[in-house]
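The following features are taken from TrEMBL:
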DOMAIN    3-249  domain 'Carbohydrate kinase FGGY N-terminal'
BINDING   THR11, ARG15, THR264, GLY307, GLY411  ADP binding site
BINDING   THR11, THR12, SER13, THR264, GLY307, GLN311, GLY411  ATP binding site
BINDING   THR11, ARG81, GLU82, TYR133, ASP242  sn-glycerol 3-phosphate binding site
BINDING   ARG81, GLU82, TYR133, ASP242, GLN243  glycerol binding site
DOMAIN    259-448  domain 'Carbohydrate kinase FGGY C-terminal'
Amino acid sequence: MAYLIAIDQGTTSTRSMVFNERLQVIALAQQEFPQYFPQSGWVEHDPEDLWQTTLSTLKAALAKAQLEAADMSAIGITNQRETVVVWDKDTGKAIYNAIVWQDRRTADYCQELKKNGSEALIQQKTGLRADPYFSGTEVRWILNHVEGARAQAEAGQLRMGTIDTWLIWQLTGGKVHATDATNASRTMLFNIHTGQWDAELLKLLEIPASLLPEVKDCAADFGITDPAILGAALPISGVAGDQHAAVVGQACFQAGMMKSTYGTGCFALLNTGAHAVNSHNNLLTTLAYQLNGQRTYALEGSIFIAGAAVQWLRDGLKIIQKASDTQALAEAADPNQTVYLVPAFVGLGAPYWDPEARGALYGLTRNTGPAEISKATLESIGYQTRDLLQAMQADSAGLKETKTVLRVDGGMTASTWAMQFLADILDSPVDRPQILESTATGAAYLAGLQQGICPAPEQFAKEWALDQRFTPTMNQATREQKYAGWLDAVRRTRSSLA
Ligand SMILES: Nc1ncnc2c1ncn2[C@@H]1O[C@H](COP(=O)(O)OP(=O)(O)O)[C@@H](O)[C@H]1O
Ligand SMILES: O=P(O)(O)OC[C@H](O)CO
């Protein structure tokens, strides 16, 4: 029996999972780490926490599986995207905390890029927008604000990387500086049409090319782990940003197939095949995955707050004890109250792109309580997804299948209430697979594919298994009335800047 181990380095926790060659989960270890909010709108992680939780969950997962590192055929890595670290190539120490994808500190600079006309260039080359979400402006911020950083960067002393790159560097004992094309595609520095770092964008953002890692396919040789770390030298042979790994794990290999992952945020990706579809509806064009040097593209809708709004009910408002309490509360909510939560806690992502907007609750009465607020929270996930789907359908009118079944995954899909509301408000079936850990499965699959352990994509796709299909039951008039109320709530929440 061959085994694979996948690292899923997420926004709030790190998970490691041992899989057998049939991609069944044998063991899972998970560890949370601190979030740092040094100023309003800033979000940071300590890069050392990301590495140490990776190391300890790898060891814990192996121990739970009662296996040794030497029993593993390969490691796959998947990670929170865009979050970026800059470090010294000799000491291996980060020169500043990791700046997280949710961080808004470069909002003013992004506004400048819009005003001076650079956004069109960014969009045309990277498929992204001038938004603090992406790594490029955050790296520029580090080089401009950490004392001596710019001089060190220009002297070739520094390296940068998204979290896959940071972990590869650590696992290989500083020998390999590499990333995969999906992670590269989120930096705002990578030309998704040529598959290369882009000199013009590097110049625009004042980032020396010496900082950049080598870009590889998602299934490729990313180096061998230092044997001192896990007790054996293991090949790292699969890497993809978490949303791209989920596309693979959900076997969305055909153009027209779509997955939506509900974790901290929600990210819907529609496979558009070999064709990069230019969005006219405020979506992103990105890579779905890159295999054998061939790029497969996707349209992406990115929502910054999904499950994180449920966490806010638990940790901020303290009206629930655990996430699953929202189910009973939503069921008990007064049907005559129409409450909307616009969870713009860190601004609004697609399709609004309003970094300065902040969250709001509408329709409160003296009878509004935890039940109505919980229901509004679960509903906000459905409304935001409908915003994305409408934009995707408008953008991909040329595609063969524009109305497609949505494959969902991620922690929040445990909520049957939220999934039924999603199907209702989309007026489209929602498929929840048996394996909800699509992200880690995708990373393990990519590593196994490179090792010749896992089957080709067509065969792997046949093994995808349904847990439950949610079909719409809401009547059309109610659906449209509720959605119109949502659009109005969003309109009232937008900042004047957008
Ligand atoms: N039963 C549930 N109902 C509603 N939300 C849930 C439920 N279970 C988990 N969640 C939410 O799902 C998120 C965790 O999903 P996960 O995929 O682990 O996220 P991430 O990888 O972004 O850390 C949390 O934000 C949590 O609030
Ligand atoms: O860590 P997650 O699962 O919330 O995913 C984060 C995304 O990759 C950000 O783009």
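Glycine is treated like the rest: Cβ placed from N, Cα and C.
No curator has checked TrEMBL annotations; they are predicted automatically.
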Of THR11, GLU82, TYR133, GLN243, THR264, which binding-site residues come within 10 Å of GLN311 (ATP binding site), going by C-alpha to C-alpha distance?
THR264
Looking only at the domain 'Carbohydrate kinase FGGY N-terminal' (3-249), report the model's average pLDDT.
96
List those of the binding-site residues SER13, ASP242, THR264 whose Cβ lies under 6 Å from any atom of ligand 2, in sequence order, or write none if there are none.
ASP242, THR264
What does the structure give for the C-alpha distance between SER13 (ATP binding site) and GLY307 (ADP binding site)? Integer Å is fine.
13
Those binding-site residues of THR12, ARG81, GLU82, TYR133, GLN243 having Cα within 10 angstroms of THR264 (ADP binding site):
THR12
Are there residues of the same chain, six or more positions away from ARG81 (sn-glycerol 3-phosphate binding site), whose CB falls under 8 angstroms from its CB, and which are they?
TRP101, THR162, THR182, ASN183, ARG186, GLY241, ASP242, GLN243
Cα-to-Cα gap, THR11 (ADP binding site) vs TYR133 (sn-glycerol 3-phosphate binding site), nearest whole Å
13
Sequence gap of 6 or more, C-beta under 8 Å: which same-chain residues meet both conditions with respect to GLY411 (ADP binding site)?
TYR262, GLY263, GLY307, ALA323, LEU436
Quick test of your reading of the structure: among the binding-site residues ARG15, GLU82, GLN243, GLY307, whose CB sits under 6 A from ligand 1?
GLY307
Cα-Cα, THR12 (ATP binding site) versus GLU82 (sn-glycerol 3-phosphate binding site), nearest Å, comes out at 14
How many whole Å apart are the CA atoms of ARG15 (ADP binding site) and GLU82 (sn-glycerol 3-phosphate binding site)?
18
Suppose the ATP site is THR11, THR12, SER13, THR264, GLY307, GLN311, GLY411. Which further residues of the same chain have a Cβ inside 8 angstroms of that site's Cβ centroid?
GLY10, GLY263, ALA308
Whose Cβ lies within 8 Å of the mean position of the Cβ atoms of ARG81, GLU82, TYR133, ASP242, GLN243, the glycerol site, other than those residues?
GLN80, THR83, TRP101, ARG186, GLY241, PHE267, SER302
